[in-house]
C-alpha cells in the first residue's frame, strides 16, 4: 500500500467512496474496491435498505442534532452562539447526505452516486473547518456574533467544501489529471487536512480552559470526545472486517464509527454549553414562565397607592387590585 492509496482502507471499511476508487476490474471494467466484509441489507416494506444499523443511527443523530440546535438557540446571549450553531447545521447536512448514501437511496453504480459521495466528502471537510474556526472564538480575537466572525466561518467552510468536492469528483470522473487510481490529493484533503483541523481545535480548547477558566471539568468533555472519536476510527479502519465476520454481517465498522462520531459531536456541544455563560436578563429559555411568583404578598406588604381611600367612589372597583401577568410578574 502506497501513501494516498485506499486499497487497505477499503478492504477494512465499507466506505461509500470505495466503490469509486481503485483499478478497473478485468471482468466488469468498472472501478471499485470490495471490502472484506460489509453489513447485510435488510428488506422493509418491499424496499431494500443498505447498512440498516448505520442508517438507523443516522436517524437518531438527526434527532439529537435538532435537540442540540434548539438548546443552542435558547441561549440567546452565549458567546459563539451563531458560530457553533453553524457547525451543527453542517453536521446535520452531512448526516442527511450520509443517510441517503448508506441506505441506498442513491445506489452505487448509479449516475448521481459519485456526485453525492463528493458532496459527502465536501461536507466532511466543511465540518472540520467549521470546528477549527470555532476553536478561536473563545479567545475573543474578534467579536463573536458579528458579520466578520460569522462570515469568516461560513466562507472558510464553503471554500473547504468546494476544494474537497472538486478534488473528489475529479478523482471519481478521471478529470483534470486525477483518476480513481491517483487518489493522493483526495487522501490529503480527507485525512491529513481534516486531522490537522481537529488537532488544532483540541489544542486551542486546552489552552482556553487552562489559561482562562478555573474549572477543569470541561477537559473531561474534550477528553471523552477525543477518546470515542479515536475509538470509532480504530474500530472502523482496523477491526471493522473482524467485527463484521463475528456478528454474521449484521454490523460493520461503519456502524461503530457513526455511533462514536455522534458521541464526539455531542461532547463538542457539552463543552461549549459548559464554558459559555449568558446574561439571564436577556436569556430565552425553552420552558415558559422562567420567572413566577410562588405566593402572594401579605396585605400589609403590598404597595400602597393614592387610591386606597375607602371614601373614594372607586375604592371598590375591580381595577383596584388588578395584577399584570406580563412576564410572570405581578404589578
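Along the chain as shown, the residues are counted starting at 1.
For all residues, glycine too, the Cβ spot is worked out from N, Cα and C.
Nonlocal intrachain contacts for the transmembrane segment (52-72), taken as residues 6+ away from its ends with a CB within less than 8 angstroms of a stretch CB, comprise 39-42, 78, 81, 84-85, 88-89, 91-92, 95-96, 98-99, 102-103, 250-252, 254-255, 258-259, 262, 265-266, 269, 272-273, 286. According to Swiss-Prot, the transmembrane segment annotation covers 52-72 (among others), on the basis of sequence analysis.
For 84-104 (among others), the entry in Swiss-Prot reads transmembrane segment, with the evidence type sequence analysis.
Remote same-chain partners of the transmembrane segment (113-133), defined as residues 6 or more beyond its termini with a Cβ less than 8 Å from a stretch Cβ, comprise 16-17, 19-20, 83, 86-87, 90-91, 93-94, 97-98, 100-101, 106-107, 152-153, 156-166, 168-169, 172-173, 186, 189-190, 193-194, 197-198, 200-201, 268. Annotated transmembrane segment per Swiss-Prot: 113-133 (among others), in sequence order, evidence recorded as sequence analysis.
Per Swiss-Prot, the feature transmembrane segment maps to 150-170 (among others). Same-chain neighbours of the transmembrane segment (150-170): 17, 82-83, 86, 90, 114-115, 117-119, 121-130, 132-134, 142, 176-178, 185-186, 189-190, 193, counting only residues six or more beyond its ends whose CB sits under 8 Å from a CB of the stretch.
Remote same-chain residues near the transmembrane segment (184-204) are listed as 3-6, 17, 21, 121, 124-125, 128-129, 131-132, 134-136, 138-139, 160, 163-164, 167-168, 171, 178, 222, 226, 229 (criterion: CB distance under 8 Å, separation of at least six residues from the stretch ends). Swiss-Prot lists 184-204 (among others) with the feature transmembrane segment.
Counting only same-chain residues 6+ beyond the ends of the transmembrane segment (219-239), those with a CB under 8 A from a CB of the stretch are 9, 12-13, 198, 202, 205-206, 209, 253-254, 256-261, 263-264, 266-268, 270-271, 274. Per Swiss-Prot, transmembrane segment is recorded for 219-239 (among others).
Residues annotated as transmembrane segment in Swiss-Prot, with sequence analysis given as evidence: 249-269 (among others).
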